[in-house]
Amino acid sequence: MAVADPNDVYLLRPLNNSPPTAEDKRHSAELEKFLRDAGLYEPDEDAYLRQEVLGLFYELTQTWVKGVCRKKNLNVEDARAHVYTFGSYRLGVHGPGADMDTLVVGPRYVLRDSDFFGSEKHCLQYMLSQTPDITDIQPVPDAFVPMIGIKYKGVQIDVLYAALAMQTLPETLDLSNHAVLRGCDEPTVRALNGCRVTDTMLKLVPRQDVFRTALRAVKHWASLRGIASNVTGYLGGVNLAIMVAKICQLYPRAEASTVLLKFFILLKAWPWPRAIHLRIPEEHSLGLPVWDPRPGTRDSLALMPVITPAYPAMNSLYNVQRSTLEVMTEEFAGAADICTSFLHCPPNKPIEWSRLFAPVPFFTQHSFYIQLEVSADSEGDLVLWDGWVSSRIRRLVRNLEDHVRVRPYPKAQKPPAALAKQLSDGQDAKAVLTDGEDAAAHKPQTEGDKDRTDGKDGGGAGKEGAEGAAAAAGGRPRLCYYIGIDKRAAAALTAQQLLPNGQVAQLPPHAQTGPAGAPAGKVDLKQPCTIFVNEVTAWAAKRPGMELRVNVLKKAALPAWLPGVPQRPQQQQQPAAADGKAAPAASGVKRAASEEPAQQQGPGAVPAAAQQPAKRSRVAPQVRTERHRWIFEYLDSHGGGERRVATRAAG
C-alpha cells in the first residue's frame, strides 16, 4: 500500500510560483497606503518610546534576579535574566497603542509562585509596584499562561515568566533549541512557545515584508468584522499569523494584495476540521504532548484547528465553538465574494479596498440581543471583574447555541460618562427598564450586594434597556457586552415527515434552514442565562460590589449610544390599565425567543405550529381538511407524486 507524501498531507507544496505582475505590485502599494491612512502604523516617536521602555524593563529584571539570588545566598555575579518579545510586536505588525508581549527567562531557583508573583520585597510584582513610571499592575497567576500586566510610561506590557532547568543562564540563549524545554512544567512550556512560535513562523514565510503587510490587513479586517478575540472563541493574533503564513507558503512569490485576496478565497473553501499546518509536526524524546487528531483523542474534537509550527505542536484555536465557527465561515465567505470581484478589476483601475474593510453592522443585523452589564465599585475592581466575566462568555454561548443562533461581539462597550451622571442624579431605575422581571437572569442576593435587577416594568417608559441598567448601577464604572440572537429556522416539511394520523414527525435538533424554512417555536433563554450568572458570580476572588446583570433586548430597545444604532424619538409611555397601573410588558426572555413577523415566512413555509406534534383533537373531517390545506399547497409546489401522501394525511 502506497504511503501518502507528508507534503501532500499537510499541503506544503506551493499552489502557484509565478512572479508578480506590475498590476499586483500597484495593488499592493495601494493596499499599504490604505492601511497607513487608516492609522495602523505606529509613529516613530512611539517606536522609540517602546525601545526605551524595553531597556528600562530589562535593567529592572536584572536587579530582580540578583535580589532573589542574594536572598537565597547564591552567587550574584553570574545571576542574570533574559527578556524576549513575541506576538505582534516581534512580528512587526503592531499598531499604535498595542500591547507588547514580553517573556522573562530566569534560572531555576527564581520561582514563578514565590518570586515572580508576590508582595514581598524580593518579588518582581512588588518591585513593579514601587517603580514610579509603572501603573495599572494586574497580576493574573491563575491564567492559562500566568502573567502580570503593567503600563510602563503609558506602554502596555504583558509580562510572562519561564524558569529554565539551569542554575546559571548563558549570556546568549537560543530559545529555538528544544533543550530549553527540558524539565519545564506546562505553564513554562506555553510561555516559552510564544517566542518559539513567533521566531519559527518568521523563518517559514518566504517574504517577511509581504507577510507583515498581509497580516496587518487581515488583523484590521478581523477587528472591523468583530471576530478578533481568541478568548471569545474567534481569531487571535497568533491564529491569524499562522493562517496568513500558510497563504504565503502556498503563493511564495505573490505580493501582499494577492496574498490577502487568496487568504479569503481559500479559507472560504477550506474543509474544516482539516488542520492548517506550516510544517510537518516534530517528534522529540522530551515526550511532551503534541497535536494528535486520531479518533478518540481530545484533539479529534477540534472544530477549527490551526497548529503551531514549533515543538510541541498545539492547536492554537482550541476556544472555537459551533456558533463562532459558523460566524467566521460566513465572514470568510462574504469577504471571498468581494475579493473575487477584485480579481476582475479592470487594468489600471484602483481596487476599492474600503468595500472589504467595512465594519460589521452588528447592532442592526440581529433580532434580539443579550446584554451583559459588568459593574464594580472602582476601576481597579472593574478590570479584574471584567477579565473574569469576559473569559466565561464562551460558556454562555455554548449553552445558548443549542436553542438559537448566537453571535457574541467581543468588544466591550462603555456607556458615556454623561449618561451615567444623568441617570445617577435621582432617576428611578425601575422606571427606565424596558424588559420586565423575566428579561434578566437575576443574580442571587449576596451579602453586601443590592440586587438591582428586580425592576418590574417600565416597558417604553422613555429609556432603553441598557440605560436602565446604567441607572441601576448608580453611575459606577461598568462595561457592557452584547450577544446577537436569532431564531433558528426549521427545515421545510417533507412527505416523509407526515404521519398517517395527520400529525408531523418530530424534526431532528439543529435542523438546517431550507429554502422554505419556517421559524422555530418558542425558546426560553432564562435558564441558560441564569446558569451563566450563577457560575460567574461564584468566583472565589469576587469582591463586594462586583455585579453582573443580564438582559434580553429587542433590536429596537438597544441604547442609542451604541455604534451604528440609529437615533430614535422618545418612546411614549404605555397606556394605563384599568387599575391605573402601567400595562406590563411581555415576558422578556420568552418574548425575545418567540416573536417573529409573519411576513418573514416564505411562500412555501410550514407554519411554526406544525413543527411540534400536538394532541389530536376531535374535530369534523371538513375542519381537518381545512387545517391541512397548507399541506396541499406545499406539496403541489413540489410535484404531484406526493399528493397521495397528503390525501391520506388529510383523512
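Cβ atoms are placed via backbone N, Cα and C, with glycine included.
Counted within 10 Å of its Cβ, the other Cβ atoms near Asp101 (Mg(2+) 1 binding site) come to 24, all protein chains included. What TrEMBL records for Phe86, Gly87, Ser88, Asp99, Met100, Asp101, Asp158, Lys219, Gly237, Val238 is ATP binding site.
Under the heading Mg(2+) 1 binding site, TrEMBL lists Asp99, Asp101.
The Mg(2+) 2 binding site annotation in TrEMBL covers Asp99, Asp101, Asp158. A sphere of 10 angstroms centred on the C-beta of Asp99 (Mg(2+) 1 binding site) encloses 16 other C-beta atoms.
Marked as compositional bias 'Low complexity' by TrEMBL: 410-423 (among others).
Summarising the annotation, TrEMBL assigns compositional bias 'Basic and acidic residues' to 439-457.
The compositional bias 'Low complexity' annotation in TrEMBL covers 567-586 (among others).
Residues or ranges marked as compositional bias 'Low complexity' by TrEMBL: 597-614 (among others).
The domain 'Poly(A) polymerase nucleotidyltransferase' annotation in TrEMBL covers 14-205. Across the domain 'Poly(A) polymerase nucleotidyltransferase' (14-205), mean pLDDT in this model comes to 95.
The domain 'Poly(A) polymerase central' feature in TrEMBL is assigned to 210-358. Helix, strand and coil counts under DSSP for the domain 'Poly(A) polymerase central' (210-358) come to 71 helix, 4 strand, 74 coil.
Per TrEMBL, the feature domain 'Poly(A) polymerase RNA-binding' maps to 362-447.
What TrEMBL records for 407-470 (among others) is region 'Disordered'.
What TrEMBL records for 564-623 (among others) is region 'Disordered'.
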Practice prompt. Find, for the listed binding-site residues Phe86, Ser88, Met100, Asp158, the residue with the lowest Cβ contact count at a 10 Å cut-off, counting only other Cβ atoms.
Written response: Asp158
Worksheet item: Which residues in the same chain, at least 6 apart in sequence, have a Cβ under 8 Å from the Cβ of Gly237 (ATP binding site)?
Response: Gly87, Ser88, Lys219, Asn230
Worksheet item: How many angstrom lie between the most widely spaced Cα atoms of the ATP binders Phe86, Gly87, Ser88, Asp99, Met100, Asp101, Asp158, Lys219, Gly237, Val238?
Response: 20
Worksheet, complete the sentence: CA pair Asp158 (ATP binding site) / Asp99 (Mg(2+) 1 binding site), Å rounded to integer, equals 7
Worksheet, complete the sentence: Integer Å value for the Cα distance linking Asp99 (Mg(2+) 1 binding site) with Phe86 (ATP binding site) is 11
Fill in: Any further residue of that chain within 8 Å (Cβ to the Cβ centroid of Asp99, Asp101, Asp158) of the recorded Mg(2+) 2 site
Gly87, Tyr89, Met100, Thr102, Met147, Gly149, Gln156, Ile157, Val159
